[in-house]
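What follows is a short report on a single structure.
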Amino acid sequence: MIKREVEAGHGRVVNINKDKGEIVVTKPESESSDNPVSRTFTFNTVYDENSQQQELYDETIHDIVQSVIEGYNGTVIAYGQTGAGKTYTLQGITDESDNRGLMNRTFEHIFNYISHAENEHYIVHASYLDIYMEEITDLLSKDFKKKCDIKENPETGVYVKDQLSFVTKNVTEMEHAFRTGHENRLKKDTYMGRASARAHSIFTITIECCKMDGDGEYHTRVGRLNLVDLAGSERINKSQAQGNVLKETRCVYCSITCLRNIITALSDGNNIIPYRDSKLTRLLQESLGGNAKTVWIANIGPSSYNHDETVSTLSNPDHDVIEKIKLNTEFIVLFNLENKIDTNKAFCCT
């Protein structure tokens, strides 16, 4: 818990059981009673304040990245309330070995594998976009303020028209592509008077491989990995949002609601799935209901001050529902103990 929460008298309402994969959230007003009111959430994997970034990567992300190298599609989605550690989970601190995020570890995994591959030729592309109030922009474009349109190809699926994709030959070039997009995102924040926390971002890595078989014929395969940082959710009555910030918050709420509606529709076996209800769900169509292995990382905080947001995060998406859709979907909860923010350490739990 962060200092101001402790000083304000807020207590910890989250308890974690890694062995059972459970998180128990207790209602603040019932903590001191003989029969506290609590809710228990169960997930595939849980990480607490003692877990490390490498542990999270090895146990939950490594296999997805490897499958992408082998020609499958994968998606990692970080979600949760504003300030819970989503961006830290993905980006981390690149100049601190133990605190490097999932992205940096992914880059190293990919190019380390390629450097040892025999009789295979790889091309690795990087692209980066964000979605702000239902408007898509290409963060790697020189005109990063230009709005982009979504199109669909019968063979390749949904794509962003004219989105740039850069070939990267090593970890350094991949990191440079990401940093360039991230810097453009910050510039866009200044130009538009907005906050990145209220915009979704998708960093996509596409891996093409060409390999010759024993008969001298060449075969190609393509895998695509989406690293998704969803905009932070926050309650309007708590944040006291007004004006443009209020519009941003409502837009984020609507897109997250669309995401949940699609999950429900898929689990119910509906013939019509409302992917087109938001730009986010349209772009993630294949990840949600197509051929992709997807990991959801839920970031939460332990303070009683964040009780409602924590319960909402753990309830959305409904993991029991998603498990009925795809057997290869995993669910993780990342627990950011905010008393560690000063030392830039994030944690996971389920």
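Note that Cβ sites are derived from N, Cα and C of the backbone, with glycine treated the same way.
The following features are taken from TrEMBL:
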type	residues	note
DOMAIN	1-323	domain 'Kinesin motor'
BINDING	GLY80, GLN81, THR82, GLY83, ALA84, GLY85, LYS86, THR87	ATP binding site
Among the binding-site residues GLY80, GLY83, GLY85, which residue has the largest number of other Cβ atoms within 10 Å of its own Cβ?
GLY80
If you average pLDDT over the domain 'Kinesin motor' (1-323), what do you get?
85
